[in-house]
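Just passing along the structure, written as structure tokens.
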Amino acid sequence: METSGLRQRSVESNNYGATNGKVVITEAGKAADKRLDQHETYEFGGPWGVTAIILGFPLLMYYLWICLWFYDGKLMYPTSVDDIQPFLLKMWGHIQKDASPNLYAWKVYSGFFFFQLFIAWVLPGFKQEGLPVPSLGYKTLMYNCNALQCWYTTIVVSIALHWTGYFRLNQIIDNYGHLMTVGMIYGFGVSFLTYFHAVVTKTTIRMSGNFVYDFFMGAALNPRLGPVDLKMWAEVRVPWVIVFYLAVSGACKQYETLGYVTPNMLFMCLATGLYINACAKGEECIPQTWDMYHEKWGFMVIFWNFAGVPFSYVYSVVYMASHDPSAYRFSTFGYVVIYTTLLTAYYIWDTSMAQKSHFKMQTQGISTFRKTFPQLPWHTVENPTFIQTEHGNRLLTSGWWKYSRKPNYVADFTMSFTWGAIVGTATIIPYFYPVFFITVLVHRCSRDFERCAIKYGKDWERYCEVVKYKFIPGIY
């Protein structure tokens with residue numbers, strides 16, 4: 001019986017397969033979970049480090065956009081000490097003129113934001129149970145997975161608005177700077193609102209006592225607005241939809257100015273379209289992730305979803321929309337290579353994520369999975385092997401996961417690299433995404449592996465002996 005989205009689930013549940021075993025959270029496992037739900041150490045350099053991130057990332061986003069849009073993708077800098085003040089004033093002038101939070105940006109971003117929230121609230125979806133949450137007494141949260149319905153609804157509405165001339169998609173890329181600023185305002189605003197709401201309602205968890213650090217990491221674990229889980233909603237419905245429409249806008253602009261769309265811009269439409277579609281069709285897998293049942297919803301996640309991801313991952317689109325195709329044209333062989341690389345990496349990423357999530361669902365007694373397009377071969381491992389831990393959980397050692405502890409990360413990074421490489425050597429700025437992403441992934445892995453060592457102890461050592469490589473089989 002559900003109450004406010006919660007479901008009490010016994011820590012013992014029937015397993016799948018021939019062993020007919022039990023999933024039991026032991027007393028030692030509960031003690032480890034309790035430790036993980038306490039603040040022990042600072043991450044990201046502590047209060048000073050997160051302060052630098054909070055202030056520095058918006059400035060970096062403005063700087064890279066200015067260099068890309070106004071200075072042919074070249075990294076600009078003061079040429080002397082006397083040039084520092086004029087340089088800063090020139091940068092500020094670009095922000096004032098071309099990145100002000102104008103009425104167009106407020107209407108478009110706000111309209112998109114609340115439209116996505118509205119359809120997430122009202123559209124029916126696939127009901128998916130999350131993993132038992134230790135801080136909730138091992139109750140599980142129910143998720144209304146309707147991202148796919150929302151995604152298709154958004155496509156239909158956007159085509160209608162563009163076709164009727166009410167809202168032309170090609171205008172999005174021309175207002176990139178203005179929209180980016182409004183996205184940043186939303187990122188800061190929602191972060192503050194969520195933080196203070198958790199404090200007032202006494203729903204904080206894992207607090208350090210330092211305001212800046214707790215604001216960055218988050219105070220609330222599972223904030224909800226009616227039937228909408230805000231953390232999952234923001235992860236799927238906001239950033240990747242904006243990323244896709246920025247690519248579509250770039251294509252529309254090219255067609256309007258050139259009379260055709262370059263293979264490079266089509267590549268970005270395909271790449272971003274595959275990504276958002278995968279997130280939407282596999283949304284029922286998200287509740288099984290560490291992000292949902294452990295990671296808090298703070299500035300680190302909120303700002304990046306509302307502004308960081310959509311306005312720093314598609315610099316290649318910004319460059320292509322403002323430069324002649326001769327600057328980034330490939331040979332036919334080059335296009336074959338990069339398209340093949342993207343599709344191969346996508347297949348590994350999609351199926352590895354599905355394999356892990358379906359395995360976790362199976363340990364909860366869930367054996368029926370939603371069928372959405374496209375269903376790729378080997379998305380579920382039959383008769384999987386695993387390591388039974390003293391904690392009570394099981395660690396998958398089959399499928400892609402027998403070759404690497406993070407096969408999804410390797411594939412995800414490969415895709416991110418192609419997003420920058422699609423402009424070749426025309427400018428270095430689009431490579432910000434893969435460089436930043438690999439840094440995040442390595443840091444995230446260190447956090448994951450450290451927590452797993454605490455949670456599983458000697459069983460984690462056994463797992464590492466079976467799955468030897470962190471990322472690339474045979475190499476690392």
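Each residue's number is its place along the chain shown, starting with 1.
The backbone N, Cα and C atoms fix where each Cβ goes, and this holds for glycine too.
According to TrEMBL, the protein has these features:
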type	residues	note
TRANSMEM	48-71	transmembrane segment
TRANSMEM	104-126	transmembrane segment
TRANSMEM	146-167	transmembrane segment
TRANSMEM	179-198	transmembrane segment
TRANSMEM	258-277	transmembrane segment
TRANSMEM	297-318	transmembrane segment
TRANSMEM	330-349	transmembrane segment
TRANSMEM	417-442	transmembrane segment
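Let's see these features in context: how buried, what's close, how far.
For the transmembrane segment (104-126), same-chain residues at least 6 beyond its ends with a Cβ under 8 Å from one of its own Cβ atoms are 144-150, 153-154, 157, 167, 171-172, 175, 178-179, 181-183, 186, 225-228, 233, 237-238, 241-242, 283-284, 370.
Listed as Cβ neighbours of the transmembrane segment (179-198) (distance under 8 Å, sequence separation of 6 or more from its ends, same chain) are residues 58, 61-62, 65, 95, 99-101, 105-106, 108-110, 113, 172, 204, 214-215, 218-220, 223, 230, 242, 297-299, 302-308, 310-311.
Same-chain residues lying 6 or more positions outside the transmembrane segment (258-277) and placing a CB less than 8 Å from one of its CB atoms are 151, 236, 240-241, 243-244, 246-248, 250-251, 314, 316-317, 320-321, 325, 328-330, 335, 338-339, 342, 346, 415, 418-419, 422-423.
Residues of the same chain lying 6 or more positions beyond the ends of the transmembrane segment (297-318) and with a Cβ under 8 Å from any Cβ of it are 44, 50, 53-54, 57-58, 61, 64-65, 68-69, 173, 176, 179-180, 183-184, 186-188, 190-191, 194-195, 214-223, 230-231, 234-235, 238-240, 242-243, 246-247, 249-250, 264-265, 268, 272, 291, 416, 419-420, 422-423, 429-430, 432-433, 436.
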